[in-house]
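What follows is a single structure, written as structure tokens, with notes after it.
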Amino acid sequence: MEYIKTATEVYILKIIGGPASQLLASRTARALGTEPVLCEFNRFPDGELYLRIAEEIENEKVTLIQSTPTDSDFVALLQLIDACEGAAEINVVIPYMGYARQDKKFKSGEPVSARAIARCINADRVFTINIHEKSVLEHFPCPAENLDAAALIGSYVAGFGLERPMLVAPDEGARGLVKNVASGHGFDHDHLQKTRLSGDTVVIKTKNLDVTGRHVVLVDDMIATGGTMAESIRMLKSQGAIDVHLACVHPVLTRNAALRLFHAGVKDIIGTDTLEKAESKLSVAPLIAEALSGY
């Protein structure tokens, strides 16, 4: 894909994938009609990361794609940005941004970790995907844009062929995402509400709609430990749901989360490739490619 700056300057968009986002970078490059730039990644004997961009990128327009689920992945992103010194423009895509949930101080003496991370990104433009707290975008020292994968998830769910599926948010915070996923497909949607009956008895149920005899799709931006989702799955099935599917943007799925969810009775887990897991059945590459095409 070519970006024409002037009559004499033509830049070929260079897509560079970090170690955490190799597949996504390749898919994005293909969506843009190009090939990803080759990189070398290795470890020194003491465990430090070595990387090298194996193609010439000086005076080129480059886009780095790297999720940062671990500290090591964040360091790799910083190294990639530094290795691109001399490029005409550096765009950074952080599909999943670690520390984004630490967007404020909860106790005295704590850092605002999301702010600390964002301030380190020295680029011309940053893209995130369904970042947990949009306020984090204000901390980047450059223009930052949050992309929404809701429409991709909606189309994927529509492909299930379920009769009258109901989309459900596990809490108030996910209502906006669920509404956007349902938009354009006419899906019924609702959210779960906790009602405390006594000191130790809490009932979780949909606020407005009855799940009896319905195919339910629980939707959230991320699934981490799976504890809350597992509880929700059991409650929905006990209330008459035919089956329960899970769909999320970021399949973090720490430790035995997937096992916990299947033990609770989930039929399927669908995530995107913002994180490359076995559950990453849907690619956000078209979303990234479309965003990059606008610049």
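Using N, Cα and C of the backbone, Cβ positions are placed for all residues, glycine too.
Using a 10 Å radius centred on the Cβ of Lys194 (active site) and all shown protein chains, the other Cβ atoms total 11. Look at Swiss-Prot and you will find Lys194 tagged as active site, backed by sequence analysis.
Packing around Gln102 (ATP binding site) is summarised by its Cβ count: 19 other Cβ atoms lie within 10 angstroms of its Cβ, all protein chains included. Per Swiss-Prot, the feature ATP binding site maps to Asp46, Gly47, Glu48, Arg101, Gln102; the stated evidence is sequence analysis.
Look at Swiss-Prot and you will find His132 tagged as Mg(2+) 1 binding site, backed by sequence analysis. DSSP classifies His132 (Mg(2+) 1 binding site) as coil under the three-state reduction.
All protein chains shown were included, and the count of other CB atoms within 10 Å of the CB of Asp171 (Mg(2+) 2 binding site) stands at 14. The Mg(2+) 2 binding site annotation in Swiss-Prot covers Asp171.
Sequence annotations record features per position, and here Swiss-Prot assigns D-ribose 5-phosphate binding site to Arg196, Asp220. Taking the Cβ of Asp220 (D-ribose 5-phosphate binding site) as reference, residues of its chain lying under 8 Å away and at least six apart in sequence are, in sequence order, Ala169, Pro170, Ala174, Leu177, Met229, Cys248.
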For ATP, with binding residues Asp46, Gly47, Glu48, Arg101, Gln102 per the record, max Cα distance (Å, no decimals) returned as 31
Reading the DSSP string in three states, the entry for Gln102 (ATP binding site) is coil
Quick tally, other C-beta within 10 angstroms, Arg101, His132; top of the binding-site residues is His132
The correct three-state DSSP answer for Lys194 (active site) is strand
Within the same chain, the residues at least 6 apart in sequence whose Cβ is under 8 angstroms from that of Glu48 (ATP binding site) are none
